[in-house]
Ligand code: C5P
């Protein structure tokens, strides 16, 4: 039985690729002085480690063992895998696509569950991903689901990749993004969908400040309901 500590507040921010959830969730965590969990990074780390070990994306038991024993450290905004700084390496599109392929496996998702729950420590947590509100933190105080048009998301991803020194092409990014979304939405295990009671925010026409302000306003509303 899972013992749920309800005294530690949790905000979940789920949504499709490049909907802005990472940037928004990170900023909200900073504003509130909360911890931040980038759950996609764990799937990307498993993907990178599996590629390096030559593990097939369908070898479920080898992948689950790898996920369960990931030697990962998050420090100073950098991500370390077995002592190597892989912060930029895990952002490559090929690793994102491989992450999406291995994320369909129930055993892999279960192997990463405890690691994710471990991020729930005082004074609070903002967690972003695909199933933060539906599966990993169903008790969250506030659940947000971010969306944006495929065009807006492809443009964002293009900018992110170019800034990190990767080459990119908008049209092929859009195709990749739609294929990845389709896989994330239609998989049997923890499909991408808004959690019950989630507040949906379309970020297509919003800048980061506006999206962050909206999430903080919603959080203030749940913390201090009118009339309470
Ligand atoms: O968010 P990001 O693009 O880094 O995630 C990479 C992939 O990992 C996603 O396409 C998705 O398939 C998977 N993922 C997941 N559940 C999460 C976070 C990411 O299945 N909570």
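Any Cβ shown, glycine's included, is placed from N, Cα and C.
Summarising the annotation, TrEMBL assigns ATP binding site to 15, 16, 17, 18, 19, 20, 21, 22, 23. If you look up TrEMBL, you'll see 11-219 marked as domain 'Cytidylate kinase'.
Here the features listed in TrEMBL are placed on the structure.
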residue: 15; record: ATP binding site; contacts (Cβ under 8 Å, 6+ apart): 21, 128, 130, 145, 146, 147, 192
residue: 17; record: ATP binding site; contacts (Cβ under 8 Å, 6+ apart): 96, 153, 157, 177, 180, 181, 184
residue: 19; record: ATP binding site; contacts (Cβ under 8 Å, 6+ apart): 146, 147, 148, 153, 203
residue: 23; record: ATP binding site; contacts (Cβ under 8 Å, 6+ apart): 208
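Checked against ligand 1, the binding-site residues 15, 17, 19, 21, 23 give 17 in sequence order as having a Cβ less than 6 Å away from one of its atoms. Highlighted in sequence order, 24, 128, 146, 148, 153, 156, 203 have their Cβ within 8 Å of the centre of the Cβ atoms of 15, 16, 17, 18, 19, 20, 21, 22, 23, the residues recorded for ATP, and are not part of that set.
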